[in-house]
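These features come from TrEMBL:
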type	residues	note
SIGNAL	1-24	signal peptide
DOMAIN	105-487	domain 'Peptidase A1'
ACT_SITE	Asp123	active site
ACT_SITE	Asp356	active site
Amino acid sequence: MAPPSPPLLFISFLLSLLALSSSAATTAAATVTLSLTPFLPNHPRSSSSSSAASASDDNSSWQSEMLNLLATSSLTRARHLKKHNSSASPTSTKVPTFPRSYGGYSIDLGFGTPAQSLTFVMDTGSSLLWFPCTSRYACASCVFPKSDPSKIRRFIPKLSSSAKRVGCRNPKCAWIFGPTAASRCRDECGSSGRNCSQQTCPPYLIQYGSGNTAGLLVSETLSFSGGRKVPGFLAGCSLFSTRQPAGIAGFGRGPESLPSQMGLQRFSYCLLSRRFDDTSASSDLVLDPAPGSGGDSKTKGVVYTPFRANPGHPGSAFKDYYYIGLRKVLVGGTAVKIPHRYLVPGADGNGGAIVDSGSTFTFMERPVLDAVAEELERQMANYSRAKGVEAQTGLRLCFDVSGRGDTMTVPELSLHFKGGVRMMLPLENYLVPVRERRSEAACVAIVTDDASIGPEMSGGPAVILGSFQQQNFYVEYDLENERFGFRKQTCKVK
């Protein structure tokens, strides 16, 4: 099913805002490095020792509010991914990647001639790349910590000599709207007798769970530092968004994604700890379009598990996702009993596990997390549940660790994938410390579809591996060999 088209008046509004030329762009090969930065507000600090008590209360409130925000946004993101409707010899490139306040990681890319620098959230769970577009771009409900909607960087088409609209006869229009886009053009033009050679591809409207964006497709030149250019890059010129404080760079498996359009053989990243959120610190996102040697070369120290075949029909949005073969979850060396149907995706798209950089906390379908939580509680029987903290943070499982000092006995949590590959999660990747006035708690950073947060979900991936659990891991998407790789390491801060 193609994405729903906005009303006619909105279409006219979109067309009236865009004045795009049809100039061509040139290309050159070069190595590019992008910076990844996380999005989260800085922790409030007391200004003097006399206000320590007040500052402590403020910090407790801030912590609970931010965890609740991230838990809720992670769950909303999971709903979107699970219920998502279909829509239709250079060297490696490194891009700085920055952590940001709403739970994602951002990169800066250049578009246009001359290049205009824009900020994007890297998202492996979707494929279209879009940017805030024109001086009239509007974003509703875009007030986030450390994010001012009035300062969102916008692409201005009239300042670029290489910008042009995408026609509905353009094969790239079908990447978004499917093969019916071209036939619809022929039908409309044939019935009216008009010359429709310049007919524009329909406006898009994309839902992201927590928000949406709408605009027109454009062809532009993507530029990297060092001189490398990618002409004719399909991108979304968004004129209106809800709860999207930056553009989104889709790194999914669709033909419109950045990896697909650049012909990447692999890309990799190392996500900084959340303590660097909204600072100038960044790590590298490496884009490698080098032709494969035909061999099975592996990155040193990296273990690999193959990508699973994506479920669903050819037009299904599940085709955008990176499915991996989760075999079992271990708590303290004990395998948790998880029904097989949650671990393996069915033909209808239900079940299985995906990797998603756009989700903050990992999502597990309720029966899966129930089993994990039961085993955690059994092995942590010396700690009582912190029900009040659970209610305030929105996290399912919190333990009272007050008076324990710096010592705490916690079982190891690990994910086992096809091929005997094991991801052992460091303590800081699955437990979040929370201070509530005079008490302390530790919460498991995994969300599920609890009735207290929202209606029970069914269908779609049963496990979504979020970015919080990927902190300080080198993560590699080997597209040439169809496999997912990782190794534990401390990400280098730039």
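Each residue's number is its place along the chain shown, starting with 1.
Using the three backbone atoms N, Cα and C, a Cβ is placed for every residue, glycine included.
In TrEMBL, annotation is done automatically, which means it is predicted and not curated.
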C-beta crowding around Asp356 (active site), within 10 angstroms: 26
Cα-Cα distance linking Asp356 (active site) and Asp123 (active site), given in Å to the nearest integer: 7
For the domain 'Peptidase A1' (105-487), the mean pLDDT of the predicted model: 88
Asp123 (active site): tally of other CB atoms within 10 A of its CB: 25
